[in-house]
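*Asks:* To start, I am sharing the structure in question, which I have written as structure tokens.
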């Protein structure tokens, strides 16, 4: 506080006042003649300390509150401890003619102590006066007191009526509300300040797009919260204005209450700052930044109330913001930002690597062209238009594994047609049908795309069902002459899908894992190689089609136990079938049907060979009753003739295959029942292990059959053992795995009864036919 000094002395008094008084000092009375030096002289005072509010008025008066305890610093000369009697205050009414004199000092201001201190002037020049201000009377709101001073007892008193000598006592302002109620209101305001601050961050941070996403794919609780918040959040600027206006209003009211409750000064500043910053900003914003959805949904009723209360101010401002800034759309990610967001949040989103690859491939689909994923024309499997659909060509098609094969004419870049593998369902390789005949008949349309076509456009074309294979071409304008279309390669639906899933799709026919890296696929061990069945010059004396050779090989390997892969390897069996004189033909003698050359087996004659009928029909006569029946292709005889006696288990002269069972049901029942009962006995084998047939097999027409002798079969067994089992250091070989368990001998009387039973069934079936 500061106060101007009023000078009531001459030149000496003013000089002393300028030298001795600080800014808040008051000048005392002036005199016309110098005073004795030994008498005390009071020059002025200033406020040193007050336990309640005190201030200077605009007129320079010192204003204090009733009930205050003041400490005044008094300045003067020759002050002593007993100088308190020369200082007094009396009531003063400005503008009144009849004011009280200094002798009538006021009892409302009680002087309790005077402490004198030496300030270095050679005499005591300052003193501390403690002054107690008593409460005002009920009818008064303020009262003015003036300073009265004297030089000593019996000397006159001087009344200081200037502003610097006046002291105004004001009525203490009592709060409108009790302190406990103010504390409660402050607590509520702090809570509201925190709510508004938190909602301002929590609700405004909830993007409208994000709320729509949560409504569709969040948890049930999140969906419920988002459904509540989304209508309010849609009014973004209105919500923002309401929250900010409410926050400012609450903080302003809170500051005013704290100032009234605590008082002005550093304490009020620290209290309001601490309460608003810590409880109204930091804590709620930290909470709402992580749980804004739940907090916003549970306090939505309060938000709506404040939006309604602040409507007259907030709504017009929000409309101005809408017009100036436009409608709030929300955060929208483009393809690149969305992909990067997924990559950054991958450790926390629970998306596995394979799913991330699929998402990345789908997002990058529109950025890649056909040229990036196509198979170059030189790496494509194609067929020339003049090809013939024989066994070799069909085998190449089957080995390639492709279902759609381009057909070119003259050069590979000139693709004129396309062949579907399903078109070959009714094509017989023996017919050697020209490829052009099949392609002209089906006439599949060709689908061309340019090399710069995006993969999403190609995928849409493939989805229409026109074709799953497209020919990639470009316009070649290099060199002289007119531009022309140049074929660059092929693209399939599989290529597009591989780019989407970011992984290679390998099937059993793929040769490379990637068309660009040319990394070969590890060949499967069980993959069938049909090239070994192709025709070779001078390899077979009797002409047999490759497909029939393949069928015979499969039948012997799977249906005849003696030729099972455990005994005879498939490679050895194939070499055996290609051995000279194994596949033979018999031309039927029409003139003499009973001629010996028409018989494959004759009763009671030694036979050391196995026969498999490939084409034609034979008549089998077996049993004591000479029962006869006919058999066709893929029936076999003489299993015991090539087998050793100890391993003999199949003694039927005729065994019908599953290939022959589809001819007719009656034929199946007849042949199967007969073949299961015709058997020999161990007495048929001589001591030299010779086999004597107890049945006859006679041709009924031209035949083509496989004939394997015992010597050839034993050689095949030995070759298979050498191929599958390395020799031991002692030179021995591992014994073959006996997968065929030896069966007990079938007694002759049991065989006879079975033959009689089958005989009667055959007679009934024959009569029915």
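From the backbone N, Cα and C atoms, a Cβ is placed for every residue, glycine too.
From Swiss-Prot, for reference:
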{"type": "CARBOHYD", "residues": "99", "note": "N-linked glycosylation site"}
{"type": "CARBOHYD", "residues": "115", "note": "N-linked glycosylation site"}
{"type": "TRANSMEM", "residues": "176-196", "note": "transmembrane segment"}
{"type": "INTRAMEM", "residues": "238-258", "note": "intramembrane segment"}
{"type": "TRANSMEM", "residues": "262-282", "note": "transmembrane segment"}
{"type": "TRANSMEM", "residues": "293-313", "note": "transmembrane segment"}
{"type": "DOMAIN", "residues": "374-435", "note": "domain 'CBS 1'"}
{"type": "DOMAIN", "residues": "442-508", "note": "domain 'CBS 2'"}
{"type": "REGION", "residues": "717-769", "note": "region 'Disordered'"}
{"type": "COMPBIAS", "residues": "732-746", "note": "compositional bias 'Basic and acidic residues'"}
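Looking at the shown structure, can you explain where the listed features end up?
*Replies:* Note on residue 115 (N-linked glycosylation site): other Cβ atoms within 10 Å of its Cβ, all shown chains, come to 13.
Counting same-chain residues at least six beyond the ends of the transmembrane segment (176-196), those with a Cβ under 8 angstroms from any Cβ of the stretch are 243-244, 246-247, 250-251, 253-254, 257-258, 260-261, 275-276, 279-281, 283-284, 299, 302, 306.
Counting only same-chain residues 6+ beyond the ends of the transmembrane segment (262-282), those with a CB under 8 A from a CB of the stretch are 53, 186, 190, 193-194, 197, 251, 254-255.
Same-chain residues lying 6 or more positions outside the transmembrane segment (293-313) and placing a CB less than 8 Å from one of its CB atoms are 195-196, 198-199, 202-203, 206, 214, 221-222, 224-226, 228-229, 232, 238-239, 241-243, 245-246, 287.
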*Asks:* Residue list, the intramembrane segment (238-258) vs rest of chain: Cβ under 8 Å, 6 or more residues beyond ends.
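*Replies:* For the intramembrane segment (238-258), the far contacts come to 182, 185-186, 189-190, 192-193, 196-197, 199-200, 203-204, 232, 268, 271-272, 275-276, 280, 303, 306-307, 309-310, 313-315, 317-318, 321.
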*Asks:* For the domain 'CBS 1' (374-435), how many residues does DSSP put in helix, in strand and in coil?
*Replies:* 21 helix, 24 strand, 17 coil
*Asks:* Write out how many residues of the domain 'CBS 2' (442-508) are helix, how many strand and how many coil, based on DSSP.
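*Replies:* Counts, helix then strand then coil: 19 helix, 21 strand, 27 coil.
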